[in-house]
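Trainee: Let me begin by handing over the structure; questions about it come next.
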Amino acid sequence: MASLNLLVGVSLVYVAFLFAVAFAAERAAVRGRSGWLRTPLVYTLSLSIYCTAWTFYGAVGYAARSGMEYVTIYLGPSLVMIGWWWVLRKLVRIGRSQRVTSVADLISARYGKSNTLAIIVTLMAVVGVTPYIALQLQSVTLALSIFSGPPDAEGLNGLNPLSAGFWVAGGLAVFTVLFGTRNLNANERHDGVVIAIAVEAVVKLVALLAVGIFVVWGIAGGIGPMMERIDASALGTWELDRSRWAALTVLSAAAFLCLPRMFQVLVVENDDERHVQIASWAFPVYLLLMSLFVVPIAVVGLNLLPAGSNPDLFVVSVPLAQGQTGLAVLSFLGGFSSATSMVIVATLALSTMVSNHVVMPIYLSLKSGGASMSGDVRNVILLARRLSILLIIALGYVYYVLSGGSGALAAIGLISFAGVAQFLPAMLGGIFWRGATRLGALSGLCLGFAIWVYASLLPSFGQDAVLPASFFEVGPFGINWLRPYAFFGIDGMDPTVHAVFWSLLMNTCVFIVVSLLTFPKPLERLQGAQFVNVFDHSGQARGWHASVAASEDLMIMAQRILGASEAQALFRTAAREQGMTGHLPEPTPAFLERLERELSASVGTATAHAMVSQMVGAASVSVEDLLAVADESAQMLEYSSQLEAKSAELSRTAGQLREANEKLTQLSVQKDAFLGQISHELRTPMTSIRAFSEIMRDAEGLSVAEKTKYASIIHVEAIRLTRLLDDLLDLSVLENGQVSLNSATGPLEAVLDHAVITAQASGDGRLRVTRDNVAGDTMVTTDLDRLGQVFINLITNAQKYCRAAAPHLEISVHADAKRLAVEFRDNGTPIPDAARALIFEKFARVAEGDGSGAGLGLAICREIMARLGGDITHVPQAAGNVFVVQIPRRQVLAGQ
Amino acid sequence: MDKHVLLVEDEVNIIEAMRFLLTRDGWKVGTHSDGATAVSAIRDARPDLVVLDYMLPGKSGIEILTELRALPDFAGLPVLMLTARGQSRDRDLAERAGVNRFMTKPFSNAEVLNAVRDLVRA
Amino acid sequence: MARGPSSPVFLERRSYRRRRLQDAQRLLPVLGMLLWMVPVLWPTRDETGHVTMSAAIYYVFGVWCLLIGLSFGLWRGLKRKVDEGTEPPAGDP
């Protein structure tokens, strides 16, 4: 038929146009002008691969059959996007920081880079998505059949659905291989593909809106009449299978996160985390627009078209029946876009998983030399990927043929959804729960998947096709509670809800229980912490510590996988960052980790890990390695805290040294002055003595009074000299510890009495001495004479230096069980801070040249108190000075 | 005419001895015992000779001498400095400040009289 | 008025508002879930009383528009807060 040929021609032109767009985008990306390629708008539009041919054609059919239920397929994703904060944000961050390439890679990386898990997830994804790909083939084939005219008597219409399906499948396969694996740089980011699917997203939206607008305004005559028409139709009354409404909303939300193709566009192709935020409202808008006209089209289709028309094709058949061929072609292109974009991305995502997790590990293990063998691994990867694409599309075609092209589109889509939703517990558990283990994930996935296969996938081929009809009636081998649609004998559940409910429930329960019972390996625990706490540290905490790996070997391997120039650039940058001039960096743990990340972008986490493991000579990171790393970091911590303590100690010592130095400097000045002082103190009285004795000897005519006066001067000065010498000797003896102490017990009051009397005898009597709080029976055991000497000194000092108008000294005693404290509080001028440190030093006098003391008194006091096991301190006061003499109750004789 | 000597010294007994000796030798003796006001006392008294103690309350002998030498009228005033510290560094300091004669205590009476006479005659 | 002393208060307020906007963002999907599960409570054809399809369409799409509007508003609000604020976007609470 001419219109069929026209359609094929239009499709080919459209595909060529998409190629041009993709090619231009990749050229721009290569030239580094990729800014416009990675905008929030493009990101949002790329998410629209969620809306496949199933939703394009199938939603109307779904609505025609079940009313509003079709909308649940859009509600789930809308909720996920609006609630991006909870899951998507974390998924995207983890995907970026761990360079995750697929959903299988994510799960494998989370559970200790387990390749078993990766293989299982990959196989499940392939099995789960195959019906979906079949669905796309079926949609496009059906849509084509509409254009080929009404079916003839034999039900054939010149278009054999099987051969048509084959050509469609072949075309899609070629298209995908050319699109997805065209670039030899096997990175998981596909600028061209993303742009192409963004364009397709626009096409399908425009097509569906055009049909919708035509139906509402062109046929029904506006919104009001349309609504009346809806209410008057068979769909006019709200009808709902309640369990399906809730279950399908949850299921579509789960599938939105778990579908390999959605993971590809949501996480892998994400360029900027902020795009997720914008898509959080923009993508729901897209979904709303996609579902807005579904019910009107269904209602108008049911009204206009003859009974028995396939409602799945109303989107095309309604405009066609109205003679709007152009609109019908546009609508076909919309469906075609939906199908192609879904198949391309889905197969790309699946082929990445298959080649990274199945083909490459097998290939590497077959090659005895591991990753270090000769040959370009990149070609192997690309070949593996192309073969995977062909295989997956072939599987889809086989399913299409097997299922006989029968069944409503929506039912097939839901089967697929339920299959991939099995990833959800392992995925969410992995990113939110550190306790999730590999075995838990493995058993949950396997059980959930098995239930899904048994209760959903196999029955979809029809009774007696795979499962005998007896299974459905009496259960397998007569086990009644294992009937595929009625587990545990609970009849009457909707088959889809039944499969989703039991598979997800058992999956989750087993996942949790096994996780609780098993103990994760160290690598799992490390990865678990990295995933769950991804926002705390988006870095890497894996411990490569291999010095065995020669950088050259790594370079050779990296060149094969990344391409020569990229690998060289990577190594050069790393070498420069390490401060080296050559092209080869040291294989430091940091570099190995980075290399592994780069490699994992091409071949997946587990494979990259295995490759680097082989190169560095450690088959995997062993417990010992991890313990060593942990040990090392603990040691580092300890060492650094030691260093800190040391540095604190050093700075403390430095402070003490500075203080000591200051004191020494002062003491040196003091010492310097010592000789001058001692000389001065000795020579001054000597001068008087000598002068007067010479006068008395030489001068004539001295009166008796004069003679007496001069003689008494000589006498006083001689006594002064003697006292000075006594003090000096006393101090010297005390300092050398040669003093003998005569311990005796006596009342403290008597000692004080004696001291006050002795001191006042030599003073001018101006100082008023009062006593407070001196209990008469306070006994003290010590060298009482020496203690008295200290008291005398203190009282004498107060006499000499207290410059107050009415000098006053108050002596008080404070006693506790161990010590007596005798306080001498005067009302004189406080000793300046600067002088306080020195007052107990020899010849220290607060003010230069005042008084007649030699400045030895306090020095002697200090020495005596040290000998007596006590202490003498000066306490600064706002006004006046307080000297506190502390005496132990039971004196321990120090010194000898 | 009696020559005028100003004693700047804080030890009362030494003042007593010096006054006795110098008065007997025919000097007119003035005394001052505070370092801080010594310079103005010397300016007021305009003595022919100053006997200056090295250690004084308020201001040291060296400081007084330095200030004195800075005044034009007193740049050539004979100064005899007495010290009880007996350290050679002090002598250097005093000579740099412009002292005419430096004597360490204790001294004999004859010694000090000879020095005083020398200084004024010169 | 002195602006100096009052500016920390403003900063505090702004970061407080940002936190509350984030709370709202987290609660939004819960609200959506609740509103969209309301149709489960409606009587269906066999039961007494019924809801017309047009009313159902208005309700479901109305909720949709509301959620999109709120999500958009929160995005705008947070974007402005982050642009104004000195704090970096918060990590996990």
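Glycine residues also receive a Cβ, built from the backbone N, Cα and C atoms like all the rest.
Values in this document were obtained by computation on a predicted structure and should not be read as measured data.
Sharing the features that TrEMBL gives for it:
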| type | residues | note |
| --- | --- | --- |
| TRANSMEM | A:6-29 | transmembrane segment |
| TRANSMEM | A:41-64 | transmembrane segment |
| TRANSMEM | A:70-88 | transmembrane segment |
| TRANSMEM | A:164-181 | transmembrane segment |
| TRANSMEM | A:193-220 | transmembrane segment |
| TRANSMEM | A:245-263 | transmembrane segment |
| TRANSMEM | A:283-305 | transmembrane segment |
| TRANSMEM | A:325-350 | transmembrane segment |
| TRANSMEM | A:383-402 | transmembrane segment |
| TRANSMEM | A:408-432 | transmembrane segment |
| TRANSMEM | A:439-457 | transmembrane segment |
| TRANSMEM | A:499-519 | transmembrane segment |
| COILED | A:643-670 | coiled coil |
| DOMAIN | A:677-891 | domain 'Histidine kinase' |
Trainee: Looking at the stretches A:6-29, A:164-181, A:408-432, which one shares the most CB pairs under 8 Å with the transmembrane segment (A:70-88)?
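Mentor: Answer, by Cβ pair count: A:408-432.
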Trainee: Among A:41-64, A:164-181, A:383-402, which stretch has the most Cβ pairs under 8 Å to the transmembrane segment (A:325-350)?
Mentor: A:41-64
Trainee: Could you check if the transmembrane segment (A:499-519) is in contact with the transmembrane segment (A:383-402), meaning 3+ Cβ pairs under 8 Å among residue pairs at least 6 apart in sequence?
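Mentor: Taking Cβ pairs at least 6 residues apart, the transmembrane segment (A:383-402) and the transmembrane segment (A:499-519) are not in contact, as fewer than 3 fall under 8 Å.
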Trainee: Let me spell it out: take the transmembrane segment (A:245-263), skip the flanking residues so only those 6+ beyond its ends count, and list any with a Cβ under 8 Å from a Cβ in it.
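Mentor: Distant Cβ neighbours of the transmembrane segment (A:245-263) are 47, 49-50, 69, 72-77, 79-80, 87-88, 91, 102-104, 106, 125, 129, 342, 345-346, 348-350, 353, 414, 416-418, 420-424, 427, 494, 496-497, 500-501, 504.
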Trainee: Take the transmembrane segment (A:408-432) and find every residue of the same chain, 6 or more past its ends, with a Cβ under 8 Å from one of its Cβ atoms.
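Mentor: Counting only partners 6 or more residues beyond its ends, the transmembrane segment (A:408-432) has Cβ contacts under 8 Å with 52-55, 57-59, 61-62, 65, 70, 73, 87, 90-91, 94, 103, 106-107, 110-111, 121, 124-125, 127-132, 134-135, 138-139, 248, 251-252, 254-255, 257-260, 312, 440-441, 444-445, 448-449, 452, 456-457, 460, 496, 499-500, 503-504, 507-508, 511-512, 515, 528, 531-532, 534.
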Trainee: Do at least three C-beta pairs under 8 angstroms join the transmembrane segment (A:6-29) to the transmembrane segment (A:283-305), pairs 6 or more apart in sequence?
Mentor: no
Trainee: Give residue numbers and ranges for long-range contacts of the transmembrane segment (A:41-64): same chain, 6 or more residues beyond its ends, CB-CB under 8 A.
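Mentor: Same-chain contacts beyond the ends: 70, 73-74, 77, 81, 132, 135-136, 139-140, 142-143, 194-195, 197-198, 200-202, 204-205, 208, 235, 256, 259, 261-262, 265-266, 269-272, 275-276, 278-279, 282-283, 286-287, 290-291, 294-295, 297-298, 301-302, 310-316, 334-336, 338-339, 341-342, 345-346, 408-410, 412-413.
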Trainee: Mind checking which residues reach the transmembrane segment (A:193-220)? Cβ under 8 Å, same chain, six or more beyond either end.
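Mentor: Same-chain residues near the transmembrane segment (A:193-220) but 6 or more away: 18-19, 21-22, 25, 37, 41-42, 45-46, 48-49, 51, 56, 179-180, 226, 229, 265, 269, 286, 289-290, 292-293, 296-297, 300, 304, 315, 318-319, 322, 324, 327, 330-331, 333-335, 337-338, 340-341, 344-345, 348.
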